[in-house]
Amino acid sequence: MAVTRTFSIIKPDATRRNLTGAVTKMLEEAGLRVVASKRIQMTRKQAEGFYAVHKERPFFGELVDFMISGPVVVQVLEGEDAVKRNRDVMGATNPADADEGTIRKTYAESIEANSVHGSDSDENAKIEIDFFFNEDEIVG
Ligand code: CMP
């Protein structure tokens, strides 16, 4: 299995509850390595750009408001089959549907305040990593 990269966000509901370390520990225990990480306050423009694919969805406005409601931690994760590995440990988008032992089952408050984001494909991982990081900020 190839070592690949994925993109992760620890969302405002998790940073607010001081869960950055707890969430990162679950990512690391799932076999992912944090090769870049920064805590940022997203601007509205950044959040709208990042989630542009969802702009026609009814929840778009609330999603953007939530993502700028507090700091987030953006990360690049590396590991074997990183996109799938990360999605497995995150659990389903809606914590009510997430499996036991996943980040969202353990920590998420709701479908919106669901603690983490993770890329859904290798192609989107590259786009999302490039959105927040320069290559020289990623150190494997
Ligand atoms: P994320 O993986 O960050 O990608 C889009 C986000 O939209 C998703 O996680 C959810 O947190 C959020 N969201 C809010 N409401 C909904 C909804 N009704 N259906 C799907 N996603 C939603």
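Glycine is treated like the rest: Cβ placed from N, Cα and C.
Automatic, uncurated: that is what TrEMBL annotation is.
Annotated features in TrEMBL:
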type	residues	note
DOMAIN	3-140	domain 'Nucleoside diphosphate kinase-like'
BINDING	K11, F59, R87, T93, R104, N114	ATP binding site
ACT_SITE	H117	active site, pros-phosphohistidine intermediate
Response to the item:
Once DSSP output is merged into helix, strand and coil, F59 (ATP binding site) belongs to coil
Worksheet, complete the sentence: Rounding to whole Å, the Cα atoms of T93 (ATP binding site) and the residue listed as 'active site, pros-phosphohistidine intermediate' are apart by 9
Practice prompt. Can you grab the distance from K11 (ATP binding site) over to H117 (active site, pros-phosphohistidine intermediate)? Cα atoms, rounded to a whole Å.
Written response: 7
Discussion item. Tell me which of the binding-site residues T93, N114 sits in the most Cβ-dense spot, judged by other Cβ atoms within 10 Å.
Written reply: N114
Worksheet entry | Three-state secondary structure, H117 (active site, pros-phosphohistidine intermediate) (per DSSP) | strand
Practice prompt. For each of the recorded positions (K11, R104, H117), count the other CB atoms lying within 10 A of its CB, then report the residue with the highest count.
Written response: K11
Practice prompt. Using C-alpha atoms only, work out the spacing between R104 (ATP binding site) and H117 (active site, pros-phosphohistidine intermediate) and round it to an integer in Å.
Written response: 10
Discussion item. Which one is it: of the binding-site residues F59, R87, which Cβ has the fewest other Cβ atoms within 10 Å in this structure?
Written reply: F59
